[in-house]
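K.L.:
One structure, as structure tokens, below. Some questions next.
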Amino acid sequence: MHEMSLCEGIRGIVGDQARRHGFATVKVLRLEIGRFAGVEKAALGFAFDVVMRGSAAEGARLEILDLPGRALCYDCGEEAAIEDRFDPCPLCGGGRLMPVGGDEMRIKDMEVQ
């Protein structure tokens, strides 16, 4: 379960930010996760609760914001949202697409005190 190691990375970032900005508690942590990031959200939620014990984010509410998949179509030159990596271009039906978004995961923001 790589979600555990993802949460360990989040814990490190939270700790760094707590020291840098002087907060003691994270109330809400918002993550943006792309459609193609390969993250199992239920497993991430479980791992988050376990890994954050003893940190500034212990007991924090985790909110996950879904980011769409995006691709550049080499046939029409446009960028469009796609549901699956192998979908045709929704604008022109072309099949030569390069994914340009949807594989990211990042902390959007935190509510702290």
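Numbering starts at 1 and runs along the chain as it is shown here.
Backbone N, Cα and C define each Cβ position, glycine as well.
So Swiss-Prot has the following annotated:
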BINDING   H2  Ni(2+) binding site
BINDING   C73, C76, C89, C92  Zn(2+) binding site
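Locate each feature and note its surroundings.
P.N.:
Remark: H2 (Ni(2+) binding site) has no non-local neighbours by Cβ distance under 8 Å and separation of at least 6 in sequence.
C92 (Zn(2+) binding site) has a Cβ environment of 13 other Cβ atoms inside 10 Å.
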K.L.:
Starting from the Cβ centroid of C73, C76, C89, C92, which together make up the recorded Zn(2+) site, report each further residue of the same chain whose Cβ lies within 8 Å of that point, ordered by sequence.
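P.N.:
These residues sit around the Zn(2+) site: Y74, D75, G77, E78, A80, P88, P90, L91, G93, G94, L97.
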K.L.:
Measure from the Cβ of C89 (Zn(2+) binding site) and count the other Cβ atoms within 10 Å, all protein chains considered.
P.N.:
20
K.L.:
For H2 (Ni(2+) binding site), what is the secondary structure state per DSSP, taken as helix, strand or coil?
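P.N.:
Looking at the DSSP assignment, H2 (Ni(2+) binding site) belongs to a helix.
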K.L.:
Looking only at DSSP and grouping its letters into three states, which state does C92 (Zn(2+) binding site) belong to?
P.N.:
coil
